[in-house]
């Protein structure tokens, strides 16, 4: 936006300090072969409306999430190739992984109604390579599969479960007379520590960090949780497949994000978010030994999310990325600034 450039706001500072060329729509878009739209979903329609008027013939439009195409139903000019490169984590984590010479698991797709020159897949591959995604894994998906699996993952295991479980586990520890500062650190940094094992060996390696007795206990708790939460996960999946969830979310957009902002305020004022800082170091294995319930919650949530997505017809690649592989990257955001950070960047 022109006023952002004139005011030299934080986005302008970030871009210029990292050697990106900064200018307004009218100056940059008409000459671009590839235009990548990384704005929030809520802004997509107005942004795309402006872009289409300025994009040159036979250029390419890139998305990092397909909500605007699938749920809103945006129509793009036929001469424009439309692709998607969807890293399975918040944008902040994409940048951090790239800076350390790696990348994040990524889904790529081509809009079947906008690939007139049959170049979309090659462009998507090149884009994913440029952000380091090939180091972690790039899988071809579809716009529909990416959107439905993304929404399901975020509402259940990735964000919904991590948030609810953090509050639940903290309150339970306090009830059991645990030091509030220790309880807070165990949970805040426990998710990141425990889910790191998922990167290297999935649920099996995570469970193997426990003693035999603790492993059996975690398994039994996990099975109980799955029975309790299965109907809730199924309702989430049904609402996402039918479009009901997206419809309600877009209504909230029209109401100035009232529900979203109310939820953020409530979370920010919870005892967990306001808890004191624990300054002592917690050994890595202690997070596992004292986090059996957390491990059981992760196991049940991953399995339930994956199973519900597969049953709904979502391809395994998308279901896997959105139930297990993205989880450590979401946990990283909690480790930095608890739940408020996660809520802000997702």
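Cβ coordinates are placed from backbone N, Cα and C, and glycine is handled just like the others.
A quick note: this is a predicted structure, and the numbers were derived from the prediction, not measured.
Around residue 65 (active site), taking its Cβ as the centre, 22 other Cβ atoms fall within 10 Å, counting all chains. Per Swiss-Prot, active site is recorded for 65, and the stated evidence type is similarity to another entry.
Per Swiss-Prot, Mg(2+) 2 binding site is recorded for 150, 322, 326, and the stated evidence type is sequence analysis. Classification of residue 322 (Mg(2+) 2 binding site) by DSSP places it within a helix. Around the Cβ of residue 322 (Mg(2+) 2 binding site), the same chain contributes 88, 149, 150, 152, 153, 154, 158, 305, 309, each under 8 angstroms and 6 or more positions distant in sequence.
All chains included, 17 other C-beta atoms sit within 10 angstroms of the C-beta of residue 154 (Mg(2+) 1 binding site). Per Swiss-Prot, Mg(2+) 1 binding site is recorded for 150, 154.
Annotated domain 'KARI N-terminal Rossmann' per Swiss-Prot: 1-141, in sequence order.
Sorting each residue of the domain 'KARI C-terminal knotted 1' (142-286) by its DSSP state yields 118 helix, 0 strand, 27 coil. What Swiss-Prot records for 142-286 is domain 'KARI C-terminal knotted 1'.
Marked as domain 'KARI C-terminal knotted 2' by Swiss-Prot: 287-346.
Each of the binding-site residues 150, 326 was scored by the number of other CB atoms within 10 Å of its CB, and the largest score is that of 326. If you take the Cα of residue 326 (Mg(2+) 2 binding site) and the Cα of residue 65 (active site), they are about 15 angstrom apart, rounded to a whole number. Taking the mean position of the Cβ atoms of 150, 322, 326 as the Mg(2+) 2 site, the remaining same-chain residues with a Cβ inside 8 Å of that point are 88, 149, 152, 153, 154, 158, 318, 321, 323.
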